[in-house]
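Feature annotations, courtesy of Swiss-Prot:
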| type | residues | note |
| --- | --- | --- |
| DOMAIN | 132-399 | domain 'Protein kinase' |
| BINDING | L138, G139, F140, G141, A142, F143, G144, T145, V146, K165 | ATP binding site |
| ACT_SITE | D257 | active site, proton acceptor |
Amino acid sequence: MKCAHFIDGPHCVKACPAGVLGENDTLVWKYADANAVCQLCHPNCTRGCKGPGLEGCPNGSKTPSIAAGVVGGLLCLVVVGLGIGLYLRRRHIVRKRTLRRLLQERELVEPLTPSGEAPNQAHLRILKETEFKKVKVLGFGAFGTVYKGLWIPEGEKVTIPVAIKELREATSPKANKEILDEAYVMASVDNPHVCRLLGICLTSTVQLITQLMPYGCLLDYIREHKDNIGSQYLLNWCVQIAKGMNYLEERHMVHRDLAARNVLVKTPQHVKITDFGLAKQLGADEKEYHAEGGKVPIKWMALESILHRIYTHQSDVWSYGVTVWELMTFGSKPYDGIPASEISSVLEKGERLPQPPICTIDVYMIMVKCWMSDADSRPKFRELIAEFSKMARDPPRYLVIQGDERMHLPSPTDSKFYRTLMEEEDMEDIVDADEYLVPHQGFFNSPSTSRTPLLSSLSATSNNSATNCIDRNGGHPVREDGFLPAPEYVNQLMPKKPSTAMVQNQIYNYISLTAISKLPIDSRYQNSHSTAVDNPEYLE
């Protein structure tokens, strides 16, 4: 008879014995072979088997070991995390206690707010009153008196012609602040076409010492020599004024009073922007200046400046256009016959200064662009430099002046101003301020060479010269070795033969010290400060 399931000895069973108690109280484990016969497992197989020998014994379970490892790892991570948290918390507490202690030690701790603006490393020279002497009164106005004088630096054997601007006695604190603000701006600039301060003397009445400019202001210079000024000179001056204004823009300075009267002539080939009485320094993030009040030159101002007292570099561009118009008309008055109080309404209606007779449409269109109502539509100073530099390479194409090719201006060494100064003082050691501040090679080893440009070609006698332009500033320019127009934008103009003509000084009046009170005030300068009297060109 055949068993239905498995055979265990003489018995038929449904399953082989697994852990059945046998002899000697031992557990019996059997497995079924290929013939379905139950066979004994190896004695070492204590949990059953699947085949003969030790190979048939089942492996032990690894689950408990794995579980123990996972639990142990998690516990380690928790311990490490708690340790890091405690360390960071302790560090935060220590820093907080340190900061609290520092705040208690100091009365005030200002937070850092970097502006990103470069530091102003300009040098301001403080002069002693014994270092300079006043020679003659050049003029005076509401702000005080301007003298012609000499600066003799302490411990040095040089004499430098200077202009000394002295505030009047009993000046208000506001006027003192204004002149010191002007000194700050002038001391901060360093460009061949911008006047710079030489020094300041802090006596009871503040005195500004600037370079003496022998030819005076450009406005009177072009009026006096209009029959000898050719297209080359006019375009060169336009380039140089634009370069000076572009430098101010790069230094975040708004001039606010650019006009031909505020440009000084060092030589016929070299002009400098001056008069920083209204200039303002903008911050790194500032784009415009809002004025609160004071006298302003209405006829040179942009429309937004007149209406809203907003001043930007683009409002200076408007003033530049008016200045160019003054040059091209040889010193005509802008909007002559129109009261300053009506200028804003005239401009709002679209009226502008007319085209000068000598100007081609190319030049006049540049002026028109400067007078656009939309400030952003006006050209930048760097663009004006490029435009006028191109024109200066071919002057007769852009300015039509009868007899242009025969015109020339006197040599700088024929200056009547310096000649008068030398007749009164011992000028053996005189040097120009440019050479003193930026001396050329061999300056200290060869005194005679260094002074030749100032002393040569002085043969004629001098007479007092009348003027209607009072100096407000001088300058500290970078030396230019007698300065001749740069070849990239100038076709050199030189006289065919030396001229003995003497240039009348257009910016200074020679007045005796006893006659100061009788000097008529210059209408263009009298209202530059808040203490000034009324003037139609400068209105509140």
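Note: Cβ is positioned from N, Cα and C throughout, glycine not excepted.
Residue environment of D257 (active site, proton acceptor) contains 24 other Cβ atoms, counted within 10 Å of its Cβ in all protein chains. The Cβ neighbour count for F140 (ATP binding site), using a 10 Å radius over every protein chain in view, is 23. Its Cβ placed at the centre, G144 (ATP binding site) has 22 other Cβ atoms within 10 Å. Between the CA atoms of G144 (ATP binding site) and the residue listed as 'active site, proton acceptor' there is a gap of 19 Å, rounded to the nearest whole number. A separation of roughly 20 Å, to the nearest angstrom, links the Cα atoms of V146 (ATP binding site) and D257 (active site, proton acceptor). Around the Cβ of L138 (ATP binding site), the number of neighbouring Cβ atoms within 10 Å comes to 26. A separation of roughly 22 Å, to the nearest angstrom, links the Cα atoms of L138 (ATP binding site) and D257 (active site, proton acceptor). In this structure, the C-alpha atom of F140 (ATP binding site) lies 19 angstrom from that of D257 (active site, proton acceptor). All protein chains included, V146 (ATP binding site) registers 27 other Cβ atoms within 10 Å of its own Cβ. Averaged over the domain 'Protein kinase' (132-399), the predicted model has a pLDDT of 88.
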